[in-house]
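Asker: Relevant sequence annotations retrieved from Swiss-Prot are reproduced here:
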- 20-27, 68-72, 126-129, 156-157: GTP binding site (BINDING)
- 42-50: motif 'Effector region' (MOTIF)
- 213: S-geranylgeranyl cysteine (LIPID)
- 214: S-geranylgeranyl cysteine (LIPID)
């Protein structure tokens, strides 16, 4: 039987940011994923807030720290602190408002200006439950996502459609990148010569220092 694991016990902590225009449903995506709640009277977020949730990914406990902010221009002053340390992002637009999709490119540019090139980005078309009001075609969003090397899903925070999948996919992809980097680092350290190994003069001096002196 698996032992109890406290909420503050985790293998990795990943910061994920929600970006996109105001009113696209970022706060409801956050509350649906972290608390399984939805509010029809959700107001625009003032400033910044974040919530956390832990998931199991590849036998590791990943704690996601998900940050949410309002999309209005007047809050753009907080971008540097907001983006700092982020390893994943959900770039959200409203499938019923084409203007929010048009602004995705600007948000993506801002995100990339403030974050690591390896950041995992999921393009999210929210409010997919409003099928009769759709203004952004799925194929157009898919095409943009492919062009920019983004992941893509359509979600409904109201109906809880694909919300779990979108966050889980981002966290899984982040973990894959982190695991790959860890393996590469381990491989590099394994290549450091041990005592008795021949050391090429052309190699990095640090390798000589780590290998130790063993010549007679």
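From the backbone N, Cα and C atoms, a Cβ is placed for every residue, glycine too.
Since the structure is predicted, the reported quantities are computational estimates derived from the model, not experimental observations.
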Asker: Which of the three DSSP-derived classes (helix, strand, coil) applies to residue 69 (GTP binding site)?
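Answerer: In the DSSP reduction, residue 69 (GTP binding site) maps to strand.
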Asker: Any idea what DSSP makes of residue 23 (GTP binding site), helix, strand or coil?
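Answerer: Going by the DSSP assignment, residue 23 (GTP binding site) belongs to neither helix nor strand, so it counts as coil.
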Asker: Could you tell me which of these binding-site residues, 20, 23, has the greatest number of Cβ atoms within 10 Å of its own Cβ?
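Answerer: Its Cβ has the most other Cβ atoms within 10 Å: 20.
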Asker: Average the per-residue pLDDT over the motif 'Effector region' (42-50) and send me the rounded value.
Answerer: 68
Asker: When a 10 Å sphere is centred on the Cβ of residue 157 (GTP binding site), how many other Cβ atoms does it contain?
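Answerer: There are 28 of them.
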Asker: Report, as a single number, how many Cβ atoms besides its own are within 10 Å of the Cβ of residue 69 (GTP binding site).
Answerer: 24
Asker: Taking the binding-site residues one at a time (26, 128), which has its Cβ surrounded by the most other Cβ atoms within 10 Å?
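Answerer: Of the binding-site residues 26, 128, the highest Cβ count within 10 Å belongs to 26.
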